[in-house]
């Protein structure tokens, strides 16, 4: 009988506040800050410091890492949040529910820029594949692809009410596109290095772009050309001037605030320059003052020149009366924001700033932190900071307590206690660089540091109670000593260090007064301390220590690639396990004491017998170093993690790989398993902690092998090496337009479904015709038995249902994959489908794609000419009817709007926009002191006056 195993699946991810690869932006309401957290989004309430909504894809994979985020300020479209991912896909999210509305595939490499149009119905995306794609958010489909850039597209901006699009790239050029004619209007050079960001003010007066150049370039946007201005016929942008920057590092982000009075320039460092944008009146006044100073200097020079007998030409009177406004008259440096760590992204809040402030600026740092600052004319002050929900650096160890309800994680400067069920952070304790950790009951914990100290932590109070100089080198392992019955008791623990020592420790409970603990703790309380009772000297650095569950043997992994096993009671040598080519980094002994598994930097797992020390099997386990390995309690099932970012599940008796769990985005350093084996927890270099739960779903080894082979085969389709890092060999045509989608597994499957449906419908039609002939010839025939696959539909309806079930974004690519014979069959159904009012738009789209793809063959095929003639007359009439219906409905809605406005004092508003206003009013009221407090203040003031 084939053995079945239970599957483990990802259940929870926590510990990441903001990924350094993604930007941050505010949601449409302006209350929540959106930040990418590896492969998901989180909407943070900055006042409470808690995540409000989580946006997570259905599957977890490193290729789904969020690379850019955008939100629409329009309430007309439900999908108001978009995220771009490392695999080139774009996801549309509902801001209120956090549900994924659609997944759009078009880019061949990571998305690098996203921007919604003014109406929120159009989304522009740029990518590392050098293309810009326009998407219809409502129809959830691509409109067209714009080609022309020679390198990664870094930012996008809409102009002229969404009729024009400006894109910048690392190829040092800015391109202006006309979206109605779908061609490039203007190409702007001048930057001497890659352009990293740009933005336009809300009134569309100026466009500011930033690169690695020592200045920002400011462009004027063409609106109404006045007399005397030298604009060319097609120019949309014209250079206004350059603003010298304070910092010499490259620009990372340029953003205007909501009303366009401020512009922030964030560099790839710790600073962000904030400039004040003056209006026209203030700019002219400043220009006059500049000319007045210039006149004074000129007059002083002329007086000196007259004394020397020379003559200097005076300034023109016209320049003094009507001075020309230059860029430094409009843009004035206001403040320089200096953060504690490197800034990854910035975003201005679209909501009203607090009283006395010009704007609210939020930023993400590369140490997994979000900060919010208030900007005024005098200073920049910090308002909020979100840092408790994650470590500042990678996670080096994780451990569970005996009841599996507390999780401890260590990093370079802190220890955090988590609830593994919810992912909530319960305690944060400052500590040294923790490399290993262990619980002592449910009250205390031990942490071994890189400096060789042993830290004792009181979990209840969240304090560090004692620091012991335990070793001269870094402590690599802390292992509790189990009781004789196999349960972890109070006998003590063992530490292994790089100073060649393995030390045995015992617990002691002493009075608080003996340890000079803070006077705030009760005098009669007991505190944990430890004493060293034995030391085992080794010849090499100790990398890992493991103790058998019955406490009979201790295994020590050394830097010389060997593992030595000793008797626990006498410390006499028992076994020597050698065979690894590189040092053993981790190991574990099974709960029955029969097997020991070792993981090494040579990427192999070796399974040994504890009776004779013979190697049962050597397995090439990971594509990089194996960092941790653990047995599931009371089984011979093994989990291993490695630098290749994967978690693998093994059967140590059959030496078979059962399951590969992918999800981490960097090296996986550590692993811990619950006492019942119902879940595991892993910690990674990407600062995330992931919990994987055991489910009731069964898995079989052979099925998993077939699935892995299929994934390997399909990887060639998803990760096409030709376009993986952008187009290199074939440069795009200047301003060319292409198909927005791309070939994926879904589009190939959809094309196969269409061809199968056409074949099934054709066979059904043949059977129907044959049945009719038999009925005519014989006069009476048996009852016709329809094909059960068609589920009672007619052949035409069956094909229509298959076409309708394809996602709008995949339909075009699926139709492109059809051969001409199937395309001709499909076009024969279009005449009948056009009679269905709700399918007219779908029919027109199918017809258009097929005509563009097979135009030459259709025009030369005699059988297709009559079909095209009929479709030409029918589709034109049907589209005109739909257009008239939509126009009639729009006019009726305008009429209803006017009637409601006349009958009611309140204007006709969108319900969602009204709800946003009510919420903003409530949040303002909550910020103000309540009535009782105001009355108390008045009474105090009156009593003071009396």
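Cβ coordinates are placed from backbone N, Cα and C, and glycine is handled just like the others.
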Residues flagged as coiled coil in TrEMBL, choosing from 695-722, 723-750, 751-778: 751-778
Contact yes or no, the repeat 'WD' (388-428) and the repeat 'WD' (146-187), 3+ Cβ pairs under 8 Å, gap 6+: no
Overall pLDDT for the domain 'Small-subunit processome Utp12' (796-897), taken as the rounded mean: 88
Residues from the same chain, set at least six apart from the ends of the repeat 'WD' (619-660), whose C-beta lies under 8 A from its own: 3, 5, 7-8, 62, 582, 585-592, 594-595, 597-607, 666-673, 675-677, 680, 682, 684, 692, 699, 701, 704, 708
